[in-house]
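Structure first, commentary second.
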Amino acid sequence: MAISKLHLLFLLSVFLSLHPLVLSDTADEEDVLLTGINSYRASLNLTTLIHNHNAECLADEIADQFKNQPCTNTTGSASVPGTTPGFPNLPNLLSKCRLNPTVTRDGAILPACVPNLDPSLVLTNFTMSQYSKDLNDSKFTGIGIGSDDNWIVVVLTTSTPEGSYSPASNSGAFAFGVNGLVSSSLMFLLFCFFMF
């Protein structure tokens with residue numbers, strides 16, 4: 001009986017370590033938008049977009065930059081092309097996410113401001129606006145979504161080296177390797193402890 005409880009505890013710890021708990025409404029809004037965008041693309045016979053953690057990091061950073069900016073008809077998807085404020089500190093934001101500008105050239109950054117981030121309005125802001133051109137483009141294969149306050153940002157990635165949003169080779173790879181090694185080692189040790 002004690003062994004079965006240990007196995008149950010082990011399985012529970014594996015489940016919790018592999019599936020981080022979602023503790024905020026923001027993640028839910030982002031998940032709803034991702035599902036909506038992928039359904040929209042499926043209706044156009046396009047491939048679904050795959051979650052890209054690096055693009056999500058950049059989307060989060062950009063949304064954070066916009067959070068104190070009010071929604072107007074000159075911001076986000078309602079703006080006239082070319083009038084949306086640029087990202088003057090983009091190099092700093094890329095650095096925070098361990099990204100090199102050369103791996104983001106083919107990507108697209110799509111900010112939208114929607115009061116209270118109403119899910120149906122958020123999806124409409126991407127699928128029924130100037131952003132639909134990017135969502136309809138088959139070159140995009142990945143997506144990262146970030147939000148803060150009334151702002152939600154979608155970053156689209158490609159499978160090309162210039163749009164993959166791969167981390168900079170001198171910093172991101174080591175950090176990923178160390179974290180992956182520690183997690184894998186811990187799980188292996190727990191497995192051995194409970195099985196033998």
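Glycine too: its Cβ is placed from the backbone N, Cα and C atoms.
Here Swiss-Prot flags 1-24 as signal peptide.
Within the same chain, no residue at least 6 positions away from N45 (N-linked glycosylation site) has a Cβ under 8 Å from its Cβ. If you look up Swiss-Prot, you'll see N45 (among others) marked as N-linked glycosylation site.
The annotation N-linked glycosylation site is assigned in Swiss-Prot to N73 (among others) on the grounds of sequence analysis.
Taking all protein chains in view, 23 other C-beta atoms sit within 10 angstroms of the C-beta of N125 (N-linked glycosylation site). The N-linked glycosylation site feature in Swiss-Prot is assigned to N125 (among others).
Counting only same-chain residues at least 6 apart in sequence, those with a Cβ under 8 Å from the Cβ of N136 (N-linked glycosylation site) are R41, L44, L46. According to Swiss-Prot, the N-linked glycosylation site annotation covers N136 (among others), on the basis of sequence analysis.
The GPI-anchor amidated serine annotation in Swiss-Prot covers S171 and rests on sequence analysis.
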